[in-house]
Amino acid sequence: MDNNNNNNNNNNDKNDKNELNKIKVAIRVRPLNSRELGIDQKIPWSISKDTISLSQNPNINFTYDYVFGIDSNTIDVYNAIAKSIVNSSLNGINGTIFAYGQTSSGKTFSMRGTESIPGIIKLSIKDIFKSIEDSILEKDYLLKVSYLEIYNEEIKDLLNPTISNKKKLKIHEDIYKGVVVANLKEEIVISPDQIFALMNFGEERRHIGSTMMNDSSSRSHTIFRMQIQSTCKQNGTIQMSTLTLVDLAGSERVSSTGAEGVRLKEGTHINKSLMTLSKVISKLSEEKTQQHVPYRDSKLTRILQPSLGGNSKTAILCTITPATTHQEESISTLQFAKRAKRVKTNYKINQVADANTMLKKYESEILELQNQLVKSEEINSLLRNTISTQEISSNNFKLGMKRFNDAIIGGSLINENKKKKKRRNTLDPSYLLKDKIIKKKIRKSENQKIKKIKNSENNISSSSSNSSGEEDDDDKDDENNYSINQDDKDDSNYEDDDDEDEDDDEESDTDNEDDEDNDEDNDDDDDDDDEFKDNLNLIEPLDDETIKKIKDLDDSLGISGQVKVKREDLDLIYEELEENKKLIEEYESTLELLNNQLDEKEIEHKELLIIIDQWEQECTNRENQNQELLEIDQQSKQSIQQLNDKLLETKQQSKQSIDQLNLQLIDIESESSKNKKSFENVLGVFEKSYRLAERLEDKYFTKEIESKKQIETLANSYLQLETTYQQQLNINQQSQQKIQSLNNDIEQFKLVWVPLKDQVNGYFQENQMFKQYIIELEEKYNTLIDLQKEVEQNYLTNTLEQQRNDQYQIEINQLTTEYNNQIQQLESTNQKLQTQLYNLLANATQSTQTLEQQLQTSKQEIDTLTNEIEQLKNQYDIIRVDNDNLSKESLELKQILLSKTQQLEEQLSLAQQQKGNIEIIQQLESIIVDNQQSIDQLKIEFDQSQQDNQSIKQSYNQLESTLTLAQSENQRLLTENKQFITSLNEIKSLFNSIQQQKETIQLEFNQRLQSWSLDSEKYKEIISTLEQSNQKSIESYESKSLEFQEKENQFDSLLTNYNQLFSKYNDLATSNESNRLEFDQFKKDSNQSIQSLESLERSLKSENDNLLQQSNLLKSQLESIEKQKQDQLIPIQLELESKKCELSKLSSQFSEQTKQVTQLLISVDQYKISTNKLESQISDRNEEINNLKLKAIEINALKEENISLKDQLTKLKKAPKSQTDREKDMIKKELEKLREKFNAIDAKLKQAIQDKQTIQSEKQSLEREIKDLKRSHTSTETELDKLKKTHLAADVKSKDFIALNKSVEILTKSQEQLKSTIIELESDLSKKNIELEKKQEELVTLNQDKLEKEKKTNQLESDHSSATIKLENYENQITQLTSEIIDLKSKFQEFKSESESNIKQQEINLKESNDLNQQLTNDKFELTKQLSDLKVEFDKSKQLWSTRSSESNDTIKELQESIISKDKERQLTSEQLVKLTDQINLKTWEYNDLNSQCQQLTKTLQNVKSSNEQQEQSIVSLESQTSAKIKSLELEISQIQENHRLEVLELNRCKNQLSEKQTLMEQDNIQLNERIIQLLHQKTKHENEILSMESNIIDLENQTKELKSKIETAQQDFEIEKNYHTGLNETNTTTIKTMNEELTRSNQTIQQLLFKISKLEQTSLQTQQQQELQQATISAQQQKQQQLADDQEKQQLYQKIKLIEKELESTKQKNLYITEQFTLKESEYLDTITDYVCKEKEFEKSKASLKTSATKIQALNDIIKKLQEEKPQQQPVVKVSSSQVVNQNGQPIKSILKKPKLVIIPREQLQQPPQFKELTLSTLNSNDSNCEPESVSASSTLTSLQSISKYIGKRSEQTTLEHDLTSSTLNLPLQQQNKKVRLVITKNNKTSTDNLTTTSTSLKSKSSSNGENKENQNNNIIIKNN
């Protein structure tokens, strides 16, 4: 069973870990203080469930696991956060709870609490012991407790403060325990009272101070840690866990707290540690792998390392003050909590399978203890050996001294000037060798054992040594060095001196740090040293000759007794000298050691000074380099500015040149009709200017490239400087490490101060003892006064007094001698102590002076020293005051004693006179002796105290001198700091200048952007005007072209068949060329469209990729959600299974309880039956009572009869005896009968009383049953209420609750029915009781009348009264119960109303969810609609495109393949769109799947609810279930609620995400639609442009190529500019980043320096420099805020710049496109102008020729007429072949018309009709008849005449001309045939005329057909002259 339980617990813990692996975060808002209520009365925070937000700005929302308002209790907080952690800590899971917040926000209140309101710590301890009591049978527990505080970054043990005072506690790492504080006291704990006592003990020693914010603010972080070790009794498995409860000190502002001095120092340390904590949590919340987390920056984070993101289940309680004044601090705490909420932990069960590990641990501890014992034994043996060696050496020395004495007694004299041999020769060297060998062996054994111990420790904790701190490594290095030095020293030769051996011994002693050696080294004075040296100079070894002489003298002279005595004295003196000499040698050795150490430290100091100088030089070099870099940056910026200025100048020049060119173009357009050469010159100028612009741009780009190279070189140099800077930082770190090692040395020197402090404390204790002695003396003085009073009564004799006085004087003299001896001894000891102190102080002062000169970082220690000195000052002042008081008191005592001694002498003189009372005198004498002894002791002690005071004064003077030195050093450091501050200010000024430069650059950039935008607007305006002008010209051109076309058709009709054929041929050639050019143009356009489509495809692909990524993200999120839900469903399923088991149990219990209910119903029925029986019994009893009444009447009658009989008896007495006897017999018989009747009546009465008692007992039983029923009813009601609460929380649907309500109503109805029946029964009972009472009263009245003397009646009355009292009590109880039932009903109704409101809210939520689903479906439907619309639009565009393509296919059949390819490409795009739609459909399917999953979840919830319904049905019968099970069910249901709430939140989040993604999809679709529309517009534009540009392609190929090349160069230039700008932006961003990093570093350095300055200035300039520091911190914060604002502005500007760049790119593309079109149109326009000019000239020539021809024709007609008149008989002319039509220049018209030309006539010229001036024909030569006639085309003349007649408007003249012409041709004479015209004569006249007409008509028809073909070929009318 236990294994199963453990497995279940493990599974539950795993599930909890999967669900709750994040840190639990709760917020608690405390109520307002009295101080805060006076300032502001409104609370700006609004709290709703798990969120907290600002009421003014609701956008600032924060959601957490729990949020507790002002009215919250600590018990609720504990149950929400801490209880689960405490319970899991008992199962082997580590747990931590800590409170975080501002000062005076209620952290200690919530953690510690008070006596009335316990905090989290007390509640957790109580729960731990409760759970231990519950599980004692299963497990054994071992609890250990430790309590520490972190005060000013120093760890202090609150349970053992002496250790923390003696030495610093260090942090280590252990494999099993983790991060551990070494030498921390751990108390084994049995009860909670013991823990509370330890906590109180620690709280008394905790640092607590008062500030402006809080009267008792905690000035340190406290960590209460409990180690819980539990072992299972069956398996033996061990579970280890630690529960850490942390009370953090609050973050504080100096301005709000008003901290000064020590408080400011404490506040800075607190803020520093909290900053590191926030850094750690921010790093952990980022969820990045392989990142550095700064745990080691603070001791708090180092200790709490496993709790923060490690093997621990943690919870954070963030407390907030609701006042408006602390709004910023509260927001910062909330942000901290938000970051902490994202931190994940990896806690696990710390379980050990076997007890082997513990055994190993204990074995290792035993080994350590054994090793320590071995060490102690070896040390003892060493001491013994040293003692033995000292004894041997002393014996040898005694022998030498004896010899020396013999020599002195012999009378020999010692020559001091002689050379003396060394003392070593006189001694026996074997002893020294033995000593050396023994010492070496002992040292070797010690070293070997130490190494073994270290190896064993390393084996035990192999991993802990690797992960231990830097301090441990330093200690190990020191130990290794020590052992190496010892080995090196031990390996020295035997021939070394004794002094060196002694040095080695003393070095080992000093390394072991024994205090006894320090005491022994400093025992004697300097004067004694000089005397001993003189004696030693005397006591040196003698020569052999002198010794022989001394022996001879001894032999010759005799040794007298006096010499023996002197020798003994000399022996004693020599022994003392030996001891003194040893002490001197040891002292000298210690001095040498100290000197060596001082030399080493001086060397180290020099090295450090050299390093510091190097560092300072490097810093100066770095500063110089930085300045050089800044100068280079400035130069580069200036060069960039110059380049930009040049760019601007070039751009302005180019703009000016372009403007000038535009003006010139306008002028040229106006003057184009006049001068063509000027136009060509302008083109040349334009090309030259363009070439100049290109050259300037090339120069600019070369300069730009050079500047880029310069910038790259500067960047490389900057990187090199950064590397050098990092190297120097590493060097600085190494120097800091060395400084830390020196600090450790200082700490070791500080240990020297500890015995001094102990001595001072001893002196203080001795002073206290003196005070006690004085008090005792005062008491004794009072006794003396009493004795003196007795002495006044008794007069003593003078003789005895004199004798006593003599004895007293003798004793006083003895005491004075003893006193003087003791004083001398004390003075000697005092002098020794003073010398020791002086030496120690001198050494300490030397060491501190050297170290203080070495280190600048020893400021804190100087401060601590100053504090200690201040304490010593205070102590000294106290001691001085005490000593002054003592001196005064002693003087007063002396005076009193003198006065009293005088009085005693007077009294003794009187006593001598009287001579009596000897015994009294003896007693007085003894008292006086005692008093004198006490006085002597007091004098001795007083002298000692004076001596101690003198020594303390000396030490105080020395300390004052050290203080002065420290203050001078502080002043020096202050000056250095001021210099540093000035340098910082200079850096700040430089930084400000850099920022100003940045701002100027940004302004320039903005100005450039504005200028670019203005230029773009100007270009747009120009383009719009040009487009308008082009449109107008095109419209006019179209109108005039129509007119011109008509004229052209008329002109073409006059041309001959030859010209027609030639024109056809030319038309075919031109059509081929135009088709080719159109094909090329179409290719280009198609390529452009393909490129645009490819770009579209790319964009669509990118969008598709984004959509795919989003879909993948959605899928991953959905999968994660599904996994989470599955993970959550697993515990729910397990819980369901457990609940099924419980339901089975509950069903069994339900069945049992149904049985109980049935039994109760049966009992109720029985009760009813019993009541009926009782009613029947009561009726029977009433009948019996009536019978009894009748019997009572009979009894009265009998009494009356008795009375009558008595009367008769009296009468009969008077009668004779016989009669009396008879009568007596008769009376006896009657009396017996009466007695029998009376007995029967008594029996009946007894039965009635018994029946009454039985009725009362039955009544009581019924009352009990009723009470039980009521209790069960109340219990069922309470259980039902609880079950309703639990099920209402679990239920969601209203139907379930309605069913519950119905069941509850049924129960309530049944209960009400039961109540009504009970009330009815009670009313019946009360009625019957009343009737019984009445009847009983009647009985009582009867019995009182009849049987007053009988006791039974009294008992009945008393019973009846008690019964009535009980009934009354019962009635009162019933009334109370009814009132309680009414209250319960009211509560039940309230609960009903609340439940109904909850149901309504749930229904509203369901409706909202349904609405959301509907909205989602509507959005889907809308999306599908939009997609369908897009498809329709796409199809329409397809159709349009197909129609246009079909129209183009009619004219250009050769381009069908390309169009088909385009159609294929469009199909591909459509397929892509279809794919997109498919993807959208897939996403909709995925969304549907999500909905289906949600529905499945709802189904599962419904199933759960159905199971809950079953539970409800089962719970209706759970009336007698225990409260513990109900509590467990409540907890489980609350967990389900939390899970459900989390699921709902997740679903809402998913919905929100889906809605956001849908909105994004909609936006994307809108963008796609816009893009499609744009593409359609572009297509239409392209089509129009294609149709408009087909005719103008031939002459524009070269120009387009040139323009393309120019455009490509311009694009390249633009890309280069863009890259340059991007490079500039990147450089700017990099520089900004670097500057920000430098700013942060400088801020950090500034903070550190300000912190150091604040520490240094505490002693001298507290107030002024604190204000400066405050201002500096405020300015730093403002700078930080400004930096943040600047960064935000930079980001915004960067985004704006990006947008502007995009817009510029788009505008540039548009401009390029417009310029291309403009150039094309311009070239076309110029070509049309040139053609038009040529045409005009030709027309003028043709007009002149026509005039001449007209004159000639008239002449011909006249000639013809003449010829007809002269020779009418000649035959008519059939055919007239006309000669060639010639211009004025003699050029034939045929040759002119062969050349096809494109003529584009502007509107202004087309508005006026063409003016025909002359029309010339060649004259007819009629000289020779034999010459060949010139061929003249009649059709040309006809067409020309027809055209003229059309323009003139005289159609009638045409017929006449034709008729005249025909007639003239027919009537030509035969004589003129051979001259100018060749006449072809035919027989019939009609045929000739017909042929002429047919030819003319055919010409006309052909010309018209040609014109139609031309119109079909080109929409733009082009005139072709053949």
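Just so you know, glycine gets a Cβ as well, placed from its N, Cα and C.
Features of the protein shown, as given by Swiss-Prot:
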DOMAIN    22-343  domain 'Kinesin motor'
BINDING   Gly101, Gln102, Thr103, Ser104, Ser105, Gly106, Lys107, Thr108  ATP binding site
REGION    448-538  region 'Disordered'
COMPBIAS  456-468  compositional bias 'Low complexity'
COMPBIAS  469-480  compositional bias 'Acidic residues'
COMPBIAS  488-532  compositional bias 'Acidic residues'
COILED    562-1712  coiled coil
REGION    1887-1922  region 'Disordered'
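Features recorded in Swiss-Prot, as mapped to the structure shown.
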| residue | record | Cβ neighbours (10 Å) |
| --- | --- | --- |
| Gly101 | ATP binding site | 27 |
| Gln102 | ATP binding site | 24 |
| Thr103 | ATP binding site | 24 |
| Ser104 | ATP binding site | 27 |
| Ser105 | ATP binding site | 27 |
| Gly106 | ATP binding site | 20 |
| Lys107 | ATP binding site | 27 |
| Thr108 | ATP binding site | 24 |
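Apart from Gly101, Gln102, Thr103, Ser104, Ser105, Gly106, Lys107, Thr108, the residues listed for ATP, the same chain places the Cβ atoms of Arg30, Ala99, Asn214, Gly250, Thr319, Thr321 within 8 Å of the centroid of those Cβ atoms. Averaged across the coiled coil (562-1712), pLDDT in this predicted model comes to 67. DSSP assigns Ser105 (ATP binding site) to coil in the three-state reduction, placing it in neither a helix nor a strand.
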